[in-house]
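Colleague: Please see the structure below; I have some questions.
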Amino acid sequence: MAAVHDLEMESMNLNMGREMKEELEEEEKMREDGGGKDRAKSRKVHRIVSKWMLPEKARGTYLERANCFPPPVFIISISLAELAVFIYYAVWKPQKQWITLDTGILESPFIYSPEKREEAWRFISYMLVHAGVQHILGNLCMQLVLGIPLEMVHKGLRVGLVYLAGVIAGSLASSIFDPLRYLVGASGGVYALMGGYFMNVLVVLDMGFALYRRFFVPEDGSPVSFAAHIAGGFAGMSIGYTVFSCFDKALLKDPRFWIAIVAYLACVLFAVFFNIFLSPAN
């Protein structure tokens, strides 16, 4: 066992040494070509992103064509919109404290409301409204930390597709499994990004917090629907994983993408049927 461990450590050290040598050679080449410090810094950022977001065999292909054009516009824009809506409701209806915003947002035209399900835009617009400072900061931190590097690799169209798939899945799942609850927050989209790349301890911890708020807060509090978190994660694990695992391929030529889309649409159609004919909120 000790010998195997020593071999593994030696192989790891050789790989690290090779990577450092390649970085130094690349920087030296850019200096000779007149690329300047800015280009070297940009290249270093892309190398760090590729190590975090891509398997080793895909990093070379990414680095060959890596650039910041277009920049990560989608995830930054959606984050600014969510922050602006939160500030609007926090200021418009002055709060005694910002931990929970239970006044104002319940009358918002954006919030998902069981009694107003015929206003279909609410199944998406609920992502703009958050229940308190913990809620908004948690979602913004997660989606920026994950979304910016993901968008640098996969670009805004694909990241937006995964994010919105999680948002829609979250509201539809909540309308089925938690049909009498209001719904706010971008957790469905955030979970889709997380599920699409890595389901790690962050998901477990945040899901535990969602379950606690749903079942153990007082009746006069603002419980959240845990179904949106779970559905967003599953959307990420299906559509998101397919999208993020083939960054250098055409999605329309990948049969996994079509399988995921068909399964997703089947769930959406069932949720629509349920809301029209079977929901207890009718």
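Heads up, the Cβ atoms here are built off N, Cα and C, so glycines get one too.
Annotations in TrEMBL come from automatic prediction, not curation.
I grabbed these lines from TrEMBL:
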REGION    20-39  region 'Disordered'
COMPBIAS  28-39  compositional bias 'Basic and acidic residues'
TRANSMEM  73-92  transmembrane segment
DOMAIN    118-245  domain 'Peptidase S54 rhomboid'
TRANSMEM  160-177  transmembrane segment
ACT_SITE  Ser187  active site, nucleophile
TRANSMEM  189-212  transmembrane segment
TRANSMEM  224-244  transmembrane segment
ACT_SITE  His229  active site
TRANSMEM  256-278  transmembrane segment
Colleague: In the same chain, which residue numbers or ranges, 6 or more beyond the ends of the transmembrane segment (224-244), come under 8 angstroms Cβ to Cβ?
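Modeller: Same-chain contacts beyond the flanks: 131, 135, 150, 154, 158, 161-162, 165-174, 176-178, 181, 183-185, 187-197, 199, 203, 206-207, 210-211, 213-214, 251, 254, 256-257, 260-261, 263-264.
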Colleague: Can you count the other CB atoms that lie within 10 A of the CB of the residue listed as 'active site, nucleophile'?
Modeller: 32
Colleague: Could you measure between Ser187 (active site, nucleophile) and the residue listed as 'active site' for me? Cα positions, answer in whole angstrom.
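Modeller: A Cα-Cα distance of 6 Å.
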Colleague: Have a look around His229 (active site) and count the other CB atoms within 10 A of its CB, chains all included.
Modeller: 28
